[in-house]
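Enquirer: Okay, here's the structure, questions in a sec.
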Amino acid sequence: MRDNLRIRMGWLHEWVGFVGGLILVITFTAGSLALFDTELTRWMQPELSRYTPAPMTDQALNEVGTLAAEMRSEGANAFITLPTPRDPIIRIQHFDGHAFVGSAYRPDTAFPVATRQTGGGQLFFDLHHSLYYGPFWGNMLTEIAAIGLLVAVGSGVVIHFRSIFTDLLLFRPFASKTRAFMDAHILAGILFLPFMVMMAYTGAVIHAPRLFPMFGGNHHGRPGHERPQQTAHSQHTHTPRTEADDAPAAAPLAPMFHQAEDVFGTGTIGLVLFDHGKVSMTKADSASFAITRDHLEFSETDGTLLKTVRAPDTLHRLGGTLRGLHFIRWAPLPLRWLYFLSGLVGSAMMSGGLVLFLMKHRNQKAGRFDFRLAETLTIAVTTGLPLACLAYLWANRLIWSDIQFRSGIEVRVFFGVWAFSVAHAAWRSFSGRSKQGWNEQCFLFAAFALALLPLDLLTRSMNSFFNGLDVYKAVDLTVIGLGTLAFLIHRRLATP
Amino acid sequence: MIVIAALALWFVALSFHALLQAKLCRIMALPVLPHLPLHLGRLVLPLVALWLCLRLGTVPGVLTWFGTASVAGIIASLALTAISLRQPGRRNLGDRTADAL
């Protein structure tokens with residue numbers, strides 16, 4: 001009976017794991033990078049390396065508020081992000097359908113910093129939660145994949161239940177290749193089980209309204225009637241602008257900001273949103289563990305306080321807590337690194353699972369089209385995606401900084417390289433040399449990753465080079481570490 | 001600092017756990033070690049790590065505790081694997097053990 005259950009669970013784990021795994025490797029890789037989306041955006045705006053952080057002044061906030069109001073009067077759906085320790089600069093941003101883009105200003109003088117246009121780390125955020133496929137179908141796919149992960153984890157635990165504690169640290173690279181891959185898959189799966197379950201569960205719950213739209217008209221815990229969602233769809237079909245929207249702000253923002261800080265605490269306000277003649281001083285996601293988007297609403301014309309909006313009930317607070325656990329924007333740097341490492345190991349674990357699936361079916365089905373297709377897709381997500389991410393960073397530094405539609409071109413490079421990796425994987429797989437496909441992509445990744453540091457040094461100001469570890473060096477060193485790992489895998493694959 | 005200390009404590013605790021497993025001792029060609037200190041270490045060190053992590057605050061502490069356990073597990077496994085690879089004749093034993101599973 002017990003073995004029968006294990007066999008059935010094995011079948012479930014294998015097929016749900018493979019189909020879901022193709023999406024989940026993308027989700028976990030992109031999610032790990034999205035943990036440092038702000039830092040990656042800064043890396044991708046090397047002009048900011050010349051900037052030294054300064055505290056925000058009231059005058060600067062008021063001036064940026066006037067600029068934002070002018071942009072809004074010209075039809076842009078602009079809002080302001082205030083300086084945080086992670087991004088110590090004021091930005092006026094708008095949603096371009098996939099990412100929040102805009103201009104940067106010094107927080108002490110409101111002097112514009114001429115940064116290049118880029119989607120930055122937000123590409124990975126979009127890829128993580130919707131596969132760059134829009135808020136409906138994309139979210140739906142990742143949502144279903146998250147549920148698939150929970151099924152795969154549950155069935156995996158049943159399969160290995162008998163040896164789950166005794167073999168907790170068992171890894172035998174000297175055994176057969178299948179056994180070594182299986183050990184690595186189980187090792188990472190069990191050790192990171194709490195992380196996987198927590199991320200899959202919170203991720204599924206956050207986007208649950210996509211699967212069950214009949215149970216609520218809002219999303220992300222934000223009542224739909226209070227602030228329309230800024231989505232690709234809403235960009236084109238937003239409500240008609242009123243006269244109050246179009247008029248430049250009459251009231252200065254600084255008094256509103258201080259009033260909001262009095263209510264929510266010093267250093268907690270992160271967003272200034274504008275909507276139908278109202279200004280919302282909104283709590284930053286990093287201000288507390290639960291993301292509730294509490295805010296104070298002011299009249300845009302005279303700055304009088306209209307209302308204080310807090311999470312209305314326990315259900316919304318619970319939703320905020322789950323989002324806080326998933327996004328961890330509140331967390332200190334060491335914890336974000338732990339999440340990052342856990343995400344990467346999760347991605348590697350699922351990649352190992354995909355390879356095990358191919359190993360199992362290779363003997364009987366190696367010549368079949370569907371097997372070759374599965375192998376192509378596996379290569380594309382395991383090595384092709386990291387290659388595309390790296391190409392995105394390279395494109396950021398090599399494309400002219402003042403070219404029009406720059407952020408769109410960077411994204412096209414990302415998808416272009418990914419498409420190239422799919423084509424390369426298909427060529428190698430359908431010609432029966434899939435190992436070479438993996439090997440070549442690993443080598444390409446290693447070569448370009450190890451050369452990223454010189455590229456960074458050549459394409460940005462070196463004023464702050466000896467000022468200790470900053471985001472630029474952190475990104476370079478992390479990529480070098482990943483490149484070294486890819487090179488070791490390449491060496492291993494090259495060994496007959 | 002707390003994160004590094006928690007990582008170290010988990011590393012030792014998980015290594016003790018591994019040394020209590022006959023299969024792993026066989027692979028690493030280690031003699032059977034006295035069980036009581038290993039059992040005690042396996043039990044106490046994670047609690048010390050938890051106490052340390054909770055100094056960061058309840059929620060960050062618990063998340064850090066779980067996170068350091070996972071990362072320390074990978075490090076411990078790699079260290080044990082390195083030890084087992086240094087043992088002469090481990091390759092054959094590893095294969096046999098693998099087949100027996």
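Cβ atoms are placed via backbone N, Cα and C, with glycine included.
Straight out of TrEMBL:
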type     : residues  : note
TRANSMEM : A:12-36   : transmembrane segment
TRANSMEM : A:144-165 : transmembrane segment
TRANSMEM : A:186-206 : transmembrane segment
REGION   : A:217-246 : region 'Disordered'
TRANSMEM : A:337-359 : transmembrane segment
TRANSMEM : A:371-393 : transmembrane segment
TRANSMEM : A:413-430 : transmembrane segment
TRANSMEM : A:442-459 : transmembrane segment
TRANSMEM : A:471-489 : transmembrane segment
Enquirer: Mind checking which residues of the chain, 6+ beyond the ends of the transmembrane segment (A:442-459), have their Cβ under 8 Å from one of its Cβ atoms?
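Expert: Distant Cβ neighbours of the transmembrane segment (A:442-459) are 43, 46, 383, 386-387, 390-391, 393-394, 397-398, 465, 472, 475-477, 479-480, 482-484, 486-487, 489-490, 493.
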Enquirer: Given the transmembrane segment (A:12-36), which of the listed stretches A:144-165, A:186-206, A:337-359, A:371-393, A:471-489 has the most Cβ pairs that are under 8 Å apart from it?
Expert: A:337-359
Enquirer: List, by number or range, the same-chain residues at least 6 past the transmembrane segment (A:471-489) whose CB is under 8 A from its CB atoms?
Expert: 36, 39-40, 42-43, 46, 49, 386, 390, 393, 442-443, 445-450, 452-453, 456, 460
Enquirer: Where else in the chain does the transmembrane segment (A:186-206) make close Cβ contacts, counting only residues six or more beyond its ends and a cut-off under 8 Å?
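Expert: Distal contacts: 27, 31, 129, 142-143, 146-147, 149-150, 153, 156-157, 160, 164, 167-171, 220, 319, 322-323, 325-326, 339, 342-343, 345-346, 348-349, 352.
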